[in-house]
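Before any comments, here is the structure.
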């Protein structure tokens, strides 16, 4: 079943959603330096669900890939070479720079005698990390120097399969059946994790914790759900979008409540997937309220989403600089204000990386590998990280 043409425009609601998700990952990783009582029990529990933002990224990525490239595949004009080069240009420059920065910090810490105990482990994972295959099972029990980058490795795996496996399989069936099968596939993998995880070397106890230890398995059902949701999105009823925006808010509240009360991660991930659908359908409402407060809030949130990949990739490096630096200079006791300041600092750090590395790096790679793609074309939705 062919995917019909859709408007080729940015879905700013999804961009905003991606930015908020990236900041939740930052908060999750930074709160580990503090006691629950310092942050507050409720806040601590909410931030503890930040790891599920990565699953939201995976679903969003499948949705956006189908949104951007589905029409060209159906029309027979899809170019695999161009697709792979553009995906590489989108992800790799930031991955390389943050990897080198994290490795340099590890070496410097070892030389200064203030840490560096994981240097040997970092060097051991370096070849796989450099090739961005460190979530493919090659480094199943070891973290890479810039540990969040495992999800980028998983993304590249999904991109590799997208035009040759995912898309052909997910466009041959009725769209509702496709979504049902994608959800069942996810549920089957999630709830049977205790059985099949015995067959592979994983170090995590839950499907939703898979990272460097076969993170590629974690992305496959989420990516498929995203693509299936896009097919439902194509046949949506047009409207002002405010009903969908309200539904997005209810789903967000429900997901947060499930995190707080420690209800199954599998249910939360499905709710996050539905949020992507409702938020995409709410785009007319997002645009209608974009002028609120002179549009400044809207522009700031869209910009947060625009630089979210760089925020996500730089926050572990920033974590080492800020928290380890404070411990070295002032001792192990961290005032609670350093948590909030550090979370906020991830935004300008990510923005700097975006403008200094991500954006120019993408242009350089495209110019070198595929010159005709070096000049930006009309606005198209950005892929999720």
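Just so you know, glycine gets a Cβ as well, placed from its N, Cα and C.
Where the annotation comes from TrEMBL, it is an automatic prediction and has not been curated.
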Q.
Between the candidate ranges 52-70, 71-89, where does TrEMBL place the transmembrane segment annotation?
A. 52-70
Q: Would you mind listing the long-range same-chain contacts of the transmembrane segment (177-196), meaning Cβ under 8 Å and 6+ residues beyond its ends?
A: 170-171, 206-208, 217, 220-222, 224-225, 227-229, 231-232, 265-266, 269-270
**Q.** the transmembrane segment (52-70) touching the transmembrane segment (267-289) per 3+ Cβ pairs under 8 Å rule
**A.** yes
Q.
Using Cβ atoms and a strict cutoff of less than 8 Å, what residues sit near the transmembrane segment (91-114) while being 6 or more residues removed from its termini?
A. 122, 126, 129-130, 132, 144-146, 149, 152, 155-156, 309-310, 313-314, 316-317, 320-321, 324, 328, 353, 357-358, 361-362, 364-365, 385
Q: Could you check if the transmembrane segment (334-357) is in contact with the transmembrane segment (12-32), meaning 3+ Cβ pairs under 8 Å among residue pairs at least 6 apart in sequence?
A: yes
Q.
Are there residues at least six beyond either end of the transmembrane segment (52-70) with Cβ under 8 Å to its Cβ atoms? List them, or say none.
A. 3, 6, 8, 11, 14, 17-18, 21-22, 24-25, 28, 78, 83, 151, 154-155, 158-159, 162-163, 166-167, 170-171, 208, 218-219, 222-231, 233, 255, 259, 265, 268-269, 272-273, 275-277, 280, 380-385
**Q.** Cβ pairs under 8 Å between the transmembrane segment (301-322) and the transmembrane segment (12-32), at least three
**A.** yes
